[in-house]
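Features as listed in TrEMBL:
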type     : residues                                    : note
ACT_SITE : Cys89                                       : active site, nucleophile
ACT_SITE : His198                                      : active site, charge relay system
ACT_SITE : Glu200                                      : active site, charge relay system
BINDING  : Gly58, Glu59, Ser60, Arg121, Ile152, Arg153 : L-glutamine binding site
Amino acid sequence: MTQKQVEHKKIRVGVLALQGAFAEHIILLNTLPQVSEAVAVRNAQEINQVDALVIPGGESTTMALIAERSGFWPALQEYVRSRPTWGTCAGMILLSECVTSGGTLKGDQKLLGGLGISIKRNAFGTQKESFEAGLHVEGLENAEKLFPGVFIRAPVIDEILEKADVQIVATLQRDYGKTPKGTIVAVKRGHLLGTAFHPELTHDSRMHQFFVQMAQEWIASH
Ligand SMILES: NC(=O)CC[C@H](N)C(=O)O
């Protein structure tokens with residue numbers, strides 16, 4: 001095997017399976033050649049058996065409550081501190097530092113943090129305001145082909161707090177309701193990735209490939 005192949009051996013990816021759209025992530029990840037296995041993760045023992053973690057869409061407050069009540073929260077906090085983790089929608093909320101709602105800080109939301117951003121939950125309104133938007137995603141394979149961003153009761157990044165090392169990965173290409181063109185909907189910070197949209201609900205696996213490659217590179221260099 002070449003040096004590059006040795007550095008990027010296949011990885012075992014866990015998907016947090018406490019609530020939300022975890023099955024769709026597992027199905028899509030299991031189609032990728034660079035993934036040895038994608039599995040559901042529900043406790044401290046299972047999380048320590050995966051090389052990278054996806055926190056799916058769903059309800060962020062519900063996921064946090066289940067993790068706390070089952071005693072899983074400390075292990076989850078420890079994992080995301082140093083291991084490759086991707087939060088989609090509710091998952092990105094959990095990886096944010098704080099949640100604002102129309103500018104006011106909502107201190108009651110339990111968060112894992114790490115992405116160095118503040119989040120506005122339900123930024124586009126209720127379920128009926130859900131939509132699909134073509135997105136230009138930095139670093140995606142065939143980036144000239146827009147990625148189908150599925151937004152369901154989605155948050156947006158309200159502010160980048162750690163400007164030195166947070167990279168903008170995707171922004172809205174036009175206004176959506178009161179949410180203006182240029183609003184940030186995906187960011188990357190070290191071993192962490194956050195997307196406000198749901199790649200697992202599309203047949204386009206490029207975002208999952210992007211995360212797996214990011215995780216492999218992180219593992220190879222740490
Ligand atoms: N599709 C989703 O994950 C919705 C996120 C949810 N509205 C929350 O604030 O946690």
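Yeah, the Cβs are placed from backbone N, Cα and C, and that goes for glycine too.
Just so you know, TrEMBL annotations are computer predictions that nobody has curated.
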Listed active-site residues among Cys89, His198, Glu200 whose Cα sits within 10 Å of Ser60 (L-glutamine binding site): Cys89
Annotated recorded positions Glu59, Ser60, Arg121, Glu200, filtered by Cβ under 6 Å to ligand 1: Glu59, Ser60, Arg121
Arg121, Arg153, His198 as recorded positions, winner by CB count within 10 A: His198
Local Cβ density at Glu200 (active site, charge relay system) - other Cβ atoms counted within 10 Å: 25
DSSP state at Ile152 (L-glutamine binding site), helix/strand/coil: coil
Ile152 (L-glutamine binding site) CB neighbourhood, other CB atoms within 10 A: 19
Neighbours of His198 (active site, charge relay system) among the recorded positions Glu59, Cys89, Arg121, Ile152, Arg153 (Cα to Cα, within 10 Å): Cys89, Ile152
Site extent for L-glutamine (largest Cα pair distance over Gly58, Glu59, Ser60, Arg121, Ile152, Arg153, Å): 13
Cα-to-Cα gap, Arg121 (L-glutamine binding site) vs Glu200 (active site, charge relay system), nearest whole Å: 20
Rounded distance in angstrom between the Cα atoms of Gly58 (L-glutamine binding site) and the residue listed as 'active site, nucleophile': 8
Neighbour count (Cβ, 10 Å) for Ser60 (L-glutamine binding site): 28
Spatial neighbours, same chain, of Glu59 (L-glutamine binding site) - Cβ under 8 Å, 6+ residues apart: Gln19, Gly20, Ala90
